[in-house]
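J.: Quick one: structure below, then a few questions.
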Amino acid sequence: MGGVGEPGGGPGPREGPAPLGAPLPIFRWEQIRQHDLPGDKWLVIERRVYDISRWAQRHPGGSRLIGHHSAEDATDAFHAFHQDLHFVRKFLKPLLIGELAPEEPSQDGAQNAQLIEDFRALRQAAEDMKLFEADTTFFALLLGHILAMELLAWLLVYLLGPGWVSSVLAALILAISQAQCWCLQHDLGHASIFPKSRWNHVAQQFVMGQLKGFSAHWWNFRHFQHHAKPNIFHKDPDVTVAPVFLLGESSVEYGKKKRRYLPYNHQHLYFFLIGPPLLTLVNFEVENLAYMLVCMQWTDLLWAASFYSRFFLSYSPFYGATGTLLLFVAVRVLESHWFVWITQMNHIPKEIGHEKHRDWASSQLAATCNVEPSLFIDWFSGHLNFQIEHHLFPTMPRHNYRRVAPLVKAFCAKHGLHYEVKPFLTALVDIIGSLKKSGDIWLDAYLHQ
């Protein structure tokens with residue numbers, strides 16, 4: 001009989017796609033684990049083995065995103081990220097090189113097979129309840145109230161003149177509008193509004209580009225990695241913030257290596273100076289522009305240019321060039337505070353470290369928590385207070401998170417997974433507490449290890 005990796009007693013594992021109709025080679029996990037190298041990457045989906053080494057560069061989500069799942073069972077990630085599985089499976093066919101040996105488990109390592117099976121049943125139940133179908137009226141109203149705020153801000157300045165009161169009110173209204181734009185483009189980026197991915201991405205380019213001045217491709221490049229491997233160093237861009245801030249396991253590592261680029265034991269204090277005020281205004285603006293130029297995203301660049309043109313044409317007649325620039329900076333700083341506090345309250349206080357190769361549900365729950373819902377918090381946070389549900393089901397429209405939450409709670413209770421829900425203010429305070437704890441750990445390791 002043929003050995004593992006040999007369809008019928010051949011000399012070894014077959015490289016390249018399996019010929020149509022030929023018996024598929026079989027592989028063990030110990031073989032698959034060897035293919036997690038630059039230029040040599042395999043992954044497993046529904047027990048079938050795919051060689052993505054060359055194709056990864058053409059992956060619509062980016063080579064880094066799909067590469068984060070190399071040498072792993074990517075079945076649940078595959079289902080989580082894609083709407084039309086029948087369509088995307090066509091791209092898998094040429095990459096198929098074999099399947100897992102019959103005696104091999106579907107997942108590598110010490111993963112809980114019953115937990116994984118129950119999570120897939122949970123997803124199927126959500127699909128049967130039609131929780132992945134969007135209410136387009138809900139999202140139309142969201143877009144409408146964003147546009148209404150843009151108009152209201154301009155009318156305030158137009159009718160009252162560019163005085164302090166009208167200018168401050170306009171800046172606040174524009175900042176709220178920009179914050180809600182983040183939420184709406186986030187929905188579109190996850191393809192959770194329209195039935196076709198293409199429609200979502202075209203609409204996202206409009207919202208992200210014309211209404212915000214950023215690149216939709218840049219956002220997706222960053223954000224999809226965050227969803228694939230939340231709170232994992234070198235895979236989640238949101239926690240790759242050293243040497244400015246130390247989070248999770250990096251605190252001990254920097255301390256032991258005697259690295260002191262900043263007074264990390266005071267990072268919970270300087271966070272207020274360079275975190276919330278500057279993330280959107282400085283870091284995102286620079287990173288976004290660099291991405292569009294380096295990756296030659298000219299369409300996104302034109303969309304972004306249309307935002308800046310509209311903004312300056314709208315307000316320069318009242319403020320002049322310098323005053324309009326100051327208004328823009330004020331809006332960016334205000335929205336930056338919203339962005340940092342709202343997006344990080346669910347993640348920074350949670351487990352942050354190196355890859356542990358958990359199953360999809362366990363990895364998401366280890367890195368996320370919820371915030372107590374209310375009509376205001378749901379709106380203000382763009383439903384990111386339901387971060388657990390969002391991370392488990394990224395393509396689910398956010399207006400259905402409340403409906404799926406009881407099913408998720410029951411699933412977590414059955415398997416002993418921590419379904420954490422915090423009051424809003426507690427979640428915000430925990431960000432500072434987490435930064436202080438990491439700084440203290442760094443100082444102890446720096447002085448004593």
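Every residue, even glycine, has its Cβ placed from backbone N, Cα and C.
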J.: I'm curious whether W303 and S434 share a membrane side according to Swiss-Prot, where sharing means carrying the same topological domain name.
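T.: Going by what Swiss-Prot records, S434 is on the opposite face of the membrane from W303.
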J.: Would you mind telling me which of 67-71, 107-111, 247-251, 387-391 Swiss-Prot tags as motif 'Histidine box-3'?
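T.: Spelled out, Swiss-Prot records motif 'Histidine box-3' over residues 387-391, not the other listed ranges.
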J.: Would you mind listing the long-range same-chain contacts of the transmembrane segment (269-289), meaning Cβ under 8 Å and 6+ residues beyond its ends?
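T.: Contacts of the transmembrane segment (269-289) (Cβ under 8 Å, skipping residues fewer than 6 from its ends): 214-215, 218, 244-245, 262-263, 304, 329, 332-333, 335-337, 339-341, 431-432, 435.
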J.: Restricting to the same chain and to residues at least six past its boundaries, which positions have a Cβ under 8 Å from a Cβ of the transmembrane segment (138-158)?
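T.: For the transmembrane segment (138-158), the sequence-distant neighbours (Cβ-Cβ under 8 Å, at least 6 residues beyond its ends) are 166-167, 169-171, 173-174, 176-177, 180-181, 183-184, 187, 193, 207, 211, 314-315, 318, 397, 399.
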J.: Would you kindly list the residues that approach the topological domain 'Lumenal' (159-163) from elsewhere in its chain, counting only those six or more residues past its ends and only Cβ-Cβ distances under 8 Å?
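T.: Distant Cβ neighbours of the topological domain 'Lumenal' (159-163) are 318-319, 323.
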